[in-house]
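Per TrEMBL, these features apply:
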type	residues	note
SIGNAL	1-17	signal peptide
DOMAIN	22-117	domain 'Manganese/iron superoxide dismutase N-terminal'
BINDING	His45, His110, Asp200, His204	Mn(2+) binding site
DOMAIN	129-232	domain 'Manganese/iron superoxide dismutase C-terminal'
Amino acid sequence: MFIRICFLAIIISCIQAQIELTLPALPYAYDALEPVLSEHLMQLHHDKHLQTYTTGANKLLKRMYDDENSSNELKGLTNQSIEFILSHIQYLPEIYQVGLKQYGGGYLNHKLFFSTLQKPTATADENKPTGPLLKAIEKAFDSFDKFKQIFTDVSLEVFGSGWVWLYIDAYTKELNYSFASNQENPIMFNKNHITLLGIDLWEHAYYPVYENRRSEYVDNFWRIINWPFVSQLYTEGVAKQTDDIDKETDGIVKHTGGCPMHAGI
C-alpha cells in the first residue's frame, strides 16, 4: 500500500508538463571512429536518425499529454524519464505503445549506443573488458571469447532490423544476451533488466560504409566498444539490483490493473 501511494504521489505531482527530449551530443568527434565508422555515417546516424527518434517521441508524448481521455496519472507519466516510461510501457494505452516503443526506444537505444563507442583499436583482440565485468562475462558465458562468438553469431543471424543486447538479467542477477526486433530494449520486458551494451543492426548503422557486408561491420564493432564505460554501467547496475525494486513493480500492477511484466526476452 505504501509503495502504491508513493507511485501515485510521484505521478500526480508531475502533471504540469510533459518531458521534452533533446538530441544528446555525440561524446566524440564525428570522425573519431574512423575507419570503422566514417564521419559521414556518424553525421547521418546521429544528426538525422537520432533526431528523427527524438522528434517522434516528443510528438507522441505531447499527444498523450494533451489527450482529453488521458488520466492525471497518464499525464504525469509523460513527465517522467524516457527510461521510466519505456519500462512501464505495458501500462500505456495501446494506441501509444507501438509508437513509443519505436521512437522512444530509438531515442534511448541510440543514446546508449553512441556512449558505448570509442576510438578503434588496431585489432579486436586488443579491446576487451577487465575487472568485475570480465569476471561476470566469464561466469555467464565460460569465457570472453565464447561470449564474443555467441554475440557475433546472433548478430549475423538476425533477419531484418533490430539489436543484440548484453544486459543484467532481473531474475538471475547475471549477464544475459538477447535479440530484440526494431527498437525494443530489455527494460521494455522487465523494468529491472539493466542494459549494458547493444549493437545496432539497422542498415542505417553500417550500410554507408559496409553496404551489405554486415559480417565485416560486426567484426569491426569489437574494436570500438568502450569497455570502461560498459564496466561502469555494470557496476552501477549491480548496485541498483535489489529486492526492493521488485516490490515497486508489484505495487504498480496492483494499482493500475495492468498486465504483469513479461518474464524476460
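Just so you know, glycine gets a Cβ as well, placed from its N, Cα and C.
What TrEMBL says about a protein is an automatic prediction, not a curated fact.
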Let me check the 10 A CB neighbour count of His110 (Mn(2+) binding site). How many other CB atoms are there?
24
With Cβ-Cβ distance below 8 Å and at least 6 positions apart along the chain, what are the contacts of Asp200 (Mn(2+) binding site)? List them in sequence order.
Asn109, His110, Phe113, Trp163, Tyr206
Mind giving me a neighbour count for His45 (Mn(2+) binding site)? Other Cβ atoms within 10 Å of its Cβ, every protein chain shown.
22
Please spell out the DSSP helix, strand and coil residue counts for the domain 'Manganese/iron superoxide dismutase N-terminal' (22-117).
65 helix, 1 strand, 30 coil
